[in-house]
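J.: Attaching a single structure in structure tokens format; questions to follow.
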Amino acid sequence: LIEHDFTLLGATAIEDKLQDGVPDTIHTLQTAGIKVWVLTGDRQETAINIGMGCKLISEDMTLLIVNEENSEGTRDNLSKKLNAIRSQADGVNAIRSQADGGIEMEALALVIDGKSLTYALERDMEKMFLDLAVMCKAVICCRVSPLQKALVVKLVKRHLKTILLAIGDGANDVSMIQAAHVGVGISGVEGLQAARSADVSIGQFRYLRKLLLVHGAWSYQRVSKVILYSFYKNIALFMTQFWYSFQNSFSGEVIFESWTLSFYNVLFTVLPPFVIGIFDQFVSARLLDRYPQLYQLSQKGVFFKMHSFFSWILNGFYHSLILYFVSELIYWSDLPQSDGKVAGHWVWGSALYTAALATVLGKAALVTNIWTKYTVIAIPGSMIIWMIFLPVYATVAPKVGVSTEYNGVIPRLYTSPVFWLMGLVLPVMCLLRDFAWKYAKRMYYPQAYHHVQEIQKYNIQDYRPRMEQFQKAIRKVRQVQRMRKQRGYAFSQTDESQARVLQAYDTTRERGRYGEMASSRK
């Protein structure tokens, strides 16, 4: 209604240029086993060119283009392509079985426009579209609206048991980012709407590589280990009380003093899970970036399987059995003393508590992959805290009417060589099987990350000298200083020479002849 009878005065254009590192990032993510789908509002030809430029699709890939005008055409197109791929897959499998492998299907890429996508997302057609998309190595949806982006994400979430990550840099990506399991926003010149609505905000698309392959792999392994260790350490100690209940005829009598038992999770074993969950690295950042295939460990759930969970649980039962029954044999008949008296129940309970604490801390040391100063503070430090806490608390608490069970315990406990030997021998007996199993697993049933750990162990170049670390810190500072220049569109980058020309032009001044023509026309 408005844009007619105009006189063309000029035109402007934006060079659609990829950010630095986008092709390498997408190629690395595909190598890591991550499927990449591009949902864009660009035209079909532009979207294909972007896919070529960012290495999402290559020249040797077969493009499956769906560009129909109606629902029936879209259904026929999807059905024909899906049947052709399935028949080809059956033929390849038959040839592969006869040739003993070595035959692979050609790589496919699906390209669908917004109008066809509207029909493909209908209830009776969405499963067919999803089956076809999953068979392809890459998917490009062009000319799509913000709503369609969210609908595609929800379609995959509804039918597939996969974790979805959506990344975008504009306000039109907000619905897609919020619909995915994990949303990543790029804070650039298109505004901060995407970054504000996302779970994670980054400055450049290429930062996604380190976010997933390094920090993602570390976080998965750390959280898995913390959960398993937390179950284990409680079972290893508290199951001794269960075994004791058979001996005390289920009378409710306890082995350990109540406040000491309460401090177990609050004070004495609280630091190892924190340190493991924050600082542990099963492989260095450099090697995780060098071998992106290690990211598939998290996709396959290697570190947190049902088998792993029950293995840790049974290991806690096993340790509790050794701790209880061996300590009971050691303190048989309450361990008669040289002065004719007996050590007593609470001396045995304190000695058993010490051995159990040493065992669970030793287990934390055994499963820790990297030792830092914080690891030393957490694991040996927790044992030192207990050895200092026990005599102080057992001396002061009975005098103020608290924990009277500790009356006379310390002189019998700390002067007994049985206590010290038990604190050393019992943890070794418990952890000897764990150490042997860990060694045998690395030697005879190694995982992929075990090989990379050996590379890290014997590769001197992986350990950077102090000067190189200093230079890296300087580069980071300079990078922060250049942050404004580096930020841009997810698939665009400003040329500095063009930016200077545009910034030098004063838009408030009259534009000469064209301004005079406009005035005379009025």
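All positions are counted from 1 along the displayed chain.
Every residue gets a Cβ built from N, Cα and C, even glycine.
What TrEMBL records for this protein is below:
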BINDING   THR40, GLY41, ASP42, ARG143, LYS149, ASN172, ASP173  ATP binding site
BINDING   ASP169, ASP173  Mg(2+) binding site
DOMAIN    195-447  domain 'P-type ATPase C-terminal'
TRANSMEM  266-288  transmembrane segment
TRANSMEM  309-326  transmembrane segment
TRANSMEM  346-367  transmembrane segment
TRANSMEM  374-394  transmembrane segment
TRANSMEM  414-432  transmembrane segment
J.: As a test of the contact definition, list every same-chain residue at least 6 positions from THR40 (ATP binding site) whose Cβ is closer than 8 Å to its Cβ.
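T.: The list for THR40 (ATP binding site) reads ALA47, ILE50, ILE140, CYS141, CYS142, VAL144, given in order along the sequence.
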J.: Around the ATP site recorded as THR40, GLY41, ASP42, ARG143, LYS149, ASN172, ASP173, what other same-chain residues have a C-beta within 8 angstroms of the site's C-beta center?
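T.: Going along the sequence, the neighbours come out as LEU39, CYS142, VAL144, SER145, PRO146.
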J.: What stretch, picked from 309-326, 346-367, 374-394, has the most CB pairs under 8 A with the transmembrane segment (266-288)?
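T.: Comparing 309-326, 346-367, 374-394: 374-394 has the most Cβ pairs near the transmembrane segment (266-288).
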J.: So what's near the transmembrane segment (346-367) in sequence-distant terms, Cβ-Cβ under 8 Å and 6+ beyond its ends?
T.: 225, 229, 232-233, 236-237, 240, 254-257, 260, 264, 268-269, 272, 276, 319-320, 323-324, 327-328, 331, 334-335, 378-380, 382-383, 386-387, 390, 394, 405-406, 409, 412-413, 416, 418-419, 422-424, 426-427, 430-431, 434-435, 438
J.: Pick the one among the binding-site residues GLY41, ASP169, ASP173 whose Cβ has the fewest other Cβ atoms within 10 Å in this structure.
T.: GLY41
J.: Between ASP42 (ATP binding site) and ASP169 (Mg(2+) binding site), what is the CA-CA distance rounded to a whole number of Å?
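T.: Cα-Cα distance, ASP42 (ATP binding site) to ASP169 (Mg(2+) binding site): 15 Å.
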J.: Do me a favour and check the Cα-Cα span between ARG143 (ATP binding site) and ASP169 (Mg(2+) binding site); whole Å is fine.
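T.: Cα of ARG143 (ATP binding site) to Cα of ASP169 (Mg(2+) binding site) measures 17 Å after rounding.
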J.: Taking only the residues in the domain 'P-type ATPase C-terminal' (195-447), give me the average pLDDT of this model.
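T.: For the domain 'P-type ATPase C-terminal' (195-447), the model's average pLDDT rounds to 93.
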J.: Which of these binding-site residues has the least crowded Cβ, counting other Cβ atoms within 10 Å: ARG143, LYS149?
T.: ARG143
J.: Just counting, how many other CB atoms are there within 10 A of the CB of ASN172 (ATP binding site)?
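T.: Counting Cβ neighbours of ASN172 (ATP binding site) within 10 Å gives 19.
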J.: What is the biggest Cα to Cα gap, in Å, among THR40, GLY41, ASP42, ARG143, LYS149, ASN172, ASP173, the residues listed as binding ATP?
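T.: Farthest Cα pair among residues binding ATP: 14 Å.
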